[in-house]
Amino acid sequence: MRRLETLESILERLRMSIKKNGLKNSKQREEVVSVLYRSGTHLSPEEITHSIRQKDKNTSISSVYRILNFLEKENFICVLETSKSGRRYEIAAKEHHDHIICLHCGKIIEFADPEIEHRQNEVVKKYQAKLISHDMKMFVWCKECQESDD
């Protein structure tokens with residue numbers, strides 16, 4: 001999915017958010033955001049920690065979890081719960097998209113479908129509601145898992 005913001009712009013917003021919350025600036029927070037931005041995919045806390053440890057051996061998994069909680073609360077990242085691979089994170093500054101999640105291997109596929117978006121808006125209109133947000137996840141067995149199960 002196309003990015004809606006540059007990494008530098010996100011980091012600048014992060015610095016303002018840290019200041020607004022009365023926290024000290026932390027290179028680790030910026031590094032977590034950078035790892036997620038550059039990955040372009042959904043990462044687990046362990047994968048994020050491993051990536052950061054390539055530069056900073058002192059990074060702990062507990063610090064990464066605390067940072068992820070803060071980033072989620074401040075809407076810098078989105079969390080995706082999968083039964084197979086646990087919580088996975090992605091940068092929030094992307095075009096709207098939905099997810100297909102394989103229940104067998106945990107693979108995550110991002111997609112955008114204008115017809116589905118249109119239909120969701122029609123449903124909202126039918127009930128005279130105001131759509132604030134939505135998050136669609138379809139749980140499947142991916143092609144590879146279907147083939148390996150045969």
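For all residues, glycine too, the Cβ spot is worked out from N, Cα and C.
As given in Swiss-Prot:
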| type | residues | note |
| --- | --- | --- |
| BINDING | His42, Glu90, His99, Cys102, Cys105, Glu110 | Zn(2+) binding site |
| BINDING | His96, Asp98, Glu117, His134 | Fe cation binding site |
| REGION | 1-93 | region 'DNA-binding' |
| REGION | 94-150 | region 'Dimerization' |
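What Swiss-Prot annotates, mapped onto the structure for a quick look.
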| residue | record | Cβ neighbours (10 Å) |
| --- | --- | --- |
| His42 | Zn(2+) binding site | 23 |
| Glu90 | Zn(2+) binding site | 22 |
| His96 | Fe cation binding site | 11 |
| Asp98 | Fe cation binding site | 17 |
| His99 | Zn(2+) binding site | 19 |
| Cys102 | Zn(2+) binding site | 20 |
| Cys105 | Zn(2+) binding site | 15 |
| Glu110 | Zn(2+) binding site | 16 |
| Glu117 | Fe cation binding site | 14 |
| His134 | Fe cation binding site | 12 |
Checklist line | Between His134 (Fe cation binding site) and Cys102 (Zn(2+) binding site): CA-CA distance (Å) | finding: 20
Note to self: Is it possible to list how many residues within the region 'Dimerization' (94-150) are helical, extended or coil according to DSSP?
What the structure shows: 20 helix, 14 strand, 23 coil
Notebook entry, point to check: Given the binding-site residues Glu90, His99, Cys105, which one's Cα is the least distant from that of His134 (Fe cation binding site)?
Noted result: His99
Item checked: Coarse DSSP state, helix versus strand versus coil, of His42 (Zn(2+) binding site) -> coil
Notebook entry, point to check: Looking at the binding-site residues His96, Asp98, Glu117, which has the shortest Cα distance to Glu110 (Zn(2+) binding site)?
Noted result: Asp98
Note to self: If you average per-residue pLDDT over the region 'DNA-binding' (1-93), what number do you get?
What the structure shows: 93
Checklist line | Sorted by sequence, non-His96, Asp98, Glu117, His134 residues with Cβ within 8 Å of centre, Fe cation | finding: His97, Ala112, Ile116, Gln120, Asp135, Met136
Notebook entry, point to check: Reported as an integer number of Å, what is the Cα distance between Asp98 (Fe cation binding site) and Cys105 (Zn(2+) binding site)?
Noted result: 18
Checklist line | Euclidean distance between Cα atoms of His96 (Fe cation binding site) and His42 (Zn(2+) binding site), Å | finding: 15
Notebook entry, point to check: What is the nearest of the binding-site residues Glu90, His99, Cys105 to Glu117 (Fe cation binding site), using the Cα of each?
Noted result: His99
